[in-house]
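Everything below concerns the one structure shown next.
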């Protein structure tokens, strides 16, 4: 228990020591007052200084009139220190009071300030006038609990939707045409590609496979007006091929083929060739069809949009090509394929469906002989049917489930929908009745069928005790099943079909739990309500009588708020209490009443206050009022409530969240309310707890049923797929390591050098990878046949170019003048017969000044060589010996001749620079090898 809550202003003053007197002196009624006592004077001074702003030391007088009987019960007068003696009354129709109290000693240390309130505020209820009138109800009637439910016993059969599909055998017939194309190189043969095509066998070949266990090695296809024939191994012969079992089988599929290896022959070198391999495939597999059997699916994943029971005349679903559908009766076929002399069986009705790539065949059977859309789930030997406003509740405590159905029902007999369960349901009901009820009960009507909200089907057979049946017969009441009172009609087939796919037992278990809890709670609440009603009636009578003693307390407890009430005849008048300023409420520490003797001294009288004196103010008022502390923080006006002083005395008064203890009418201490025991007046309601109900985990469908529910079995499909994969003979795989070995070694080496080496290795690796990629590209290009051919052409072209350059260079070396000056040879041949030779014996031929070497353009008027017209190479000059100067002059003449011959291109492009201003070209450098260039200016004498 914690400490008491702190007061608001924390100014609780201790009692004055002068008031702590021995009990003997208190009993005498005398009070010692010695002015010479220093500690008494000091305490009085401190108290006067502290409480002077709040409490006036003037004489106060008060007159209080009782609010109960309308008369005055007491009056007191007294005097005190000087001060205001006038009073300000606060009147009401029954109570009047002024602001004076009997003259007594009042100091600041005699008050407990900063009080708290917990439930009700400090208020005055005796001043209020009643405005509202109430009375207690005394005519309360209590009705007993009635469940209002009709229950019937019976036998219940619960059927679930049969989610296991109809499974049957299907035969498929097809031919696989495999075309392989290849290219033969010198030493290597490349498989360029292949195509695989599946085609359907014609019906006559299907009959041959079913009866004789073989098919043919050719296939004819008509496209437009043309026929295309393919032969196995390109033999161009139509031969029979026997069916043999394939090695790869599964639990639901058996496959028979004619060849196990694919045929292919390579062509000649540098030639393409395409071959054909033909394989007949007969497959015996399983197909599944789910209610309402509108389609079925094979284990390979193939779906047929037709009912397996369609025979061209019944009304079952069929959405395939009717022209490709055939039905044969009394059809003969082998019991198994791939065997020699296998037995033959006769199928009453066989269906064939042709598709472009496959032929399917299956046996047609009667649906009622092989299928049923309902399956028995549970048999409840003892069940209860409870009738409600719009529904029936079928309760099975053994299953801990409640099944809710509508009141509409169907009969088990004369209903074709339930032909598949009628016989078994009747046998089960008869067996349960003989074992459980024979001799005590009798059947109440015929079995009827209900459909639950969870999608289940309930077959209900009502029962009735033989004793009740005999009484009903004596009373003339016709015995009938409870279900016959309701209309029976045929439900919509579409609604029932939708209902059968929504089975869920969670709803049934939840409904059972709700019904169990509802019945228990409703019964308990009904009994509690009845007992509560009786208790309220008794309590009303008791409160009516107690209100005659203290109406305010009774009405405050009833309305749970402060109310001022008083009797007004046979009714009660109500009014609201007046709240005071909560911060100004203070309680006096001394409950003794003092009187003034003849000599003017204050002495304790024979009477003490029965309740502590309270000091307070009204809201929006500065005048201090006095009263006495009542119950629940109520302030009683006046201080006339006294009693004869009794010693020893112990009184505890509750104010807010705390209590004040007074011993011998003096304040002792403050007590926490939690430390005071409470008298418990609460009447406990004893209700039996709800009994434990262990819910059972119900399994509507087993794992096998759930696995078989889907027409597509993933396991079978994957096994079939893997079987096809194992049949692939040629699997090409190529693993290329893009990192060359030397690059990996370089990377390991660089990584050992640290961070710098690793970074450098990354750079070198990138560069090396790029180089390797480029080189690899060239290598792969040249290893390709087209790349090799291109390389050969390039090599031949390079050889031819080198040979031509070699011949040209050789011609230039052998005849440089003819090579570099081809026009000179042409001119020599043209003027060979007309040119004369001038012979110079002793001195060189004279040269004109214009014939000297100049850097400027040549003179267009100059013709011939030296003006004589003699041509070099003539017979005359050949025998003549020339000096060095003559050779020099000849070269100058050749230069001028070359410039003249090249003058024509210069005239075509006038914007180009003249030859004299252009730098020496390759031809000039070749012609002038071994010579030095002469100066542009100078006479012929300077040449020497």
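Just so you know, the numbers here start at 1 and follow the chain as drawn.
Backbone N, Cα and C define each Cβ position, glycine as well.
Quick look at what Swiss-Prot annotates:
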- 71-85: compositional bias 'Gly residues' (COMPBIAS)
- 89-99: compositional bias 'Polar residues' (COMPBIAS)
- 125-577: disulfide bond (DISULFID)
- 142-533: disulfide bond (DISULFID)
- 215-280: disulfide bond (DISULFID)
- 372-420: disulfide bond (DISULFID)
- 608-645: disulfide bond (DISULFID)
- 114: N-linked glycosylation site (CARBOHYD)
- 238: N-linked glycosylation site (CARBOHYD)
- 369: N-linked glycosylation site (CARBOHYD)
- 409: N-linked glycosylation site (CARBOHYD)
- 414: N-linked glycosylation site (CARBOHYD)
- 426: N-linked glycosylation site (CARBOHYD)
- 481: N-linked glycosylation site (CARBOHYD)
- 485: N-linked glycosylation site (CARBOHYD)
- 620: N-linked glycosylation site (CARBOHYD)
- 786-806: transmembrane segment (TRANSMEM)
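Feature map: annotations from Swiss-Prot on the structure.
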| residue | record | Cβ neighbours (10 Å) |
| --- | --- | --- |
| 142 | disulfide bond | 13 |
| 215 | disulfide bond | 25 |
| 238 | N-linked glycosylation site | 13 |
| 369 | N-linked glycosylation site | 8 |
| 372 | disulfide bond | 19 |
| 409 | N-linked glycosylation site | 21 |
| 420 | disulfide bond | 18 |
| 426 | N-linked glycosylation site | 15 |
| 533 | disulfide bond | 13 |
| 645 | disulfide bond | 20 |
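In the three-state DSSP scheme, residue 533 (disulfide bond) is classed as helix. The shortest Cα-Cα distance between residue 215 (disulfide bond) and any of the recorded positions 125, 414, 645 is the one to 414. In the three-state DSSP scheme, residue 409 (N-linked glycosylation site) falls into the strand class.
Separation of the C-alpha atoms of residue 409 (N-linked glycosylation site) and residue 620 (N-linked glycosylation site): 80 Å, rounded to the nearest whole number. Just so you know, the Cβ of residue 280 (disulfide bond) picks up 24 other Cβ atoms within 10 Å once every protein chain is counted. Checking Cα-Cα distances from residue 420 (disulfide bond) against the recorded positions (369, 620, 645) with a 10 Å cut-off leaves 369, in sequence order. A coil conformation is recorded for residue 372 (disulfide bond) in the three-state DSSP classification, outside any helix or strand. Separating the Cα atoms of residue 372 (disulfide bond) and residue 426 (N-linked glycosylation site) is a whole-number distance of 16 Å.
On a Cα basis, residue 577 (disulfide bond) lies 16 Å away from residue 620 (N-linked glycosylation site). Summarising the environment of residue 620 (N-linked glycosylation site), the number of other Cβ atoms within 10 Å of its Cβ, over all protein chains shown, is 6. Across the structure, residue 414 (N-linked glycosylation site) and residue 238 (N-linked glycosylation site) are spaced 61 Å apart at their Cα atoms. Taking the C-alpha atom of residue 369 (N-linked glycosylation site) as reference, the shortest distance to any of the disulfide-bonded residues 142, 608, 645 belongs to 142. For the pair residue 426 (N-linked glycosylation site) and residue 125 (disulfide bond), the Cα-Cα distance reads 82 Å. Looking only at Cα atoms, residue 608 (disulfide bond) sits nearest to 125 among the recorded positions 125, 238, 280, 533, 577.
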